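**Q** Attaching a single structure in structure tokens format; questions to follow.
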């Protein structure tokens, strides 16, 4: 009993423990040293400095994370699209690492929840989400090196978001492809959307896509539109041969 | 005797052996697979394609190498200049990876010597040197991964060329600092310059910097000016306290 009391009375380590768990959940692996992750969530309004007078906030980490993200995406595109020339690769990369896209990624991970700031988070602009996302990648690089950066980016960016045909503009919306196909095939379709917040403290929407009253795909995302699109994409890939616009 | 004959009659492996040795000398470590290095030295005028019809030349590798170079330099600056904010780091990186600087690096390694091209190398513009340098980094990444890229860039770019005070514009020329100091201290100085080609098939200059008739620094570079500057920089760092413009 006294040991438990001691643990809880030590608010510092309990706070560290909560932060550690949150970071581990976001990363999908154990952080080795929390310092850089703390920095990745420290806004300049905190006016923190280290013992040498250097500012402690996430802005320098953004620079580092942006560079690492750029090279991981470059390597992915290089390997994934052997037909793409330098111009194509450059263009595709800038679509993937666009400000809007990074903001979306940061928002989906709800990074803003962990920011230490003297300014209310409501006063931040949209870019805070992408900035935190880049800073987090910078912290991962410092903590665990390039290979872990690559793993994280693969899991959080490439697998869920990097859809090359869509980025190429060949597919505008999977939802419209699904609808067209259903109409052509005289099938009924229905997107069953519901709120699905889980324990994450951020609004999520779940969707079940039914075709002829049978669930063919499920998805979950931070907006209705995204959840529908994700479910449609899953259905599209499952039925790709039947629905491909080229066949 | 017959074994030796066999080896030499197999011109393919002898050619590979020569290329392997050249690449190993440039890299400072063993390449594992020569294919990507061959690609890094193949100009588009060769019109090479693989079995799937994809072009084989160094242009895609440039894209990859540029990204890797950018992140290695970002990490170096991040660690080396803890006082520098995001804007400073961005500016310093673009100075280091400027087209002129990359051309200089490629030229110093004499990469053009290994290019396979149907166009005479005399018809290439200046940028070929930097492009080959970037493509080589891309090939290193594919062959040996990020950590080897980092090692190579450290050895070939950071140690010999990344001089932060000079890039910041605080020091324009180490040679002029050395001369000023000698004049102030009433010391004689002399740059003893000589050609020093070694076995590398490219013109090199050696220089001995003598102060009061004593050799204080030596250097070797592809031009007289660079060799003198390098020797002056070495002397400057050796005598930094005495010669610093701030003291």
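Cβ atoms here come from the backbone N, Cα and C positions, even for glycine.
TrEMBL: automatically predicted annotations, no manual curation.
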**Q** For the Mg(2+) site, TrEMBL lists B:131, B:134; sort out which one of B:51, B:59, B:62, B:228 goes with them.
**A** B:62
**Q** When you measure from the Cβ of residue B:66 (active site), how many other Cβ atoms are you left with inside 10 Å?
**A** 23
**Q** Relative to the Cβ position of residue B:131 (Mg(2+) binding site), how many further Cβ atoms are located within 10 Å?
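**A** Taking every protein chain into account, the count is 26.
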**Q** Could you please provide the mean pLDDT value for the domain 'DRBM' (B:173-241)?
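**A** Taking every residue of the domain 'DRBM' (B:173-241) together, the mean pLDDT is 86.
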**Q** Counting all other Cβ atoms within 10 Å across every protein chain shown, which of the recorded positions B:62, B:134 scores highest?
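**A** When each Cβ's neighbours within 10 Å are tallied, B:134 tops the list.
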**Q** Fill in the CA-CA distance, residue B:131 (Mg(2+) binding site) to residue B:66 (active site), as an integer in Å.
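**A** Here the two Cα atoms are 9 Å apart.
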**Q** To the nearest whole angstrom, state the Cα distance for the pair residue B:134 (active site) and residue B:62 (Mg(2+) binding site).
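**A** Given the Cα positions, residue B:134 (active site) is 5 Å from residue B:62 (Mg(2+) binding site).
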**Q** Among the recorded positions B:62, B:131, B:134, which sit with their Cβ under 8 Å from a Cβ of chain A?
**A** B:62
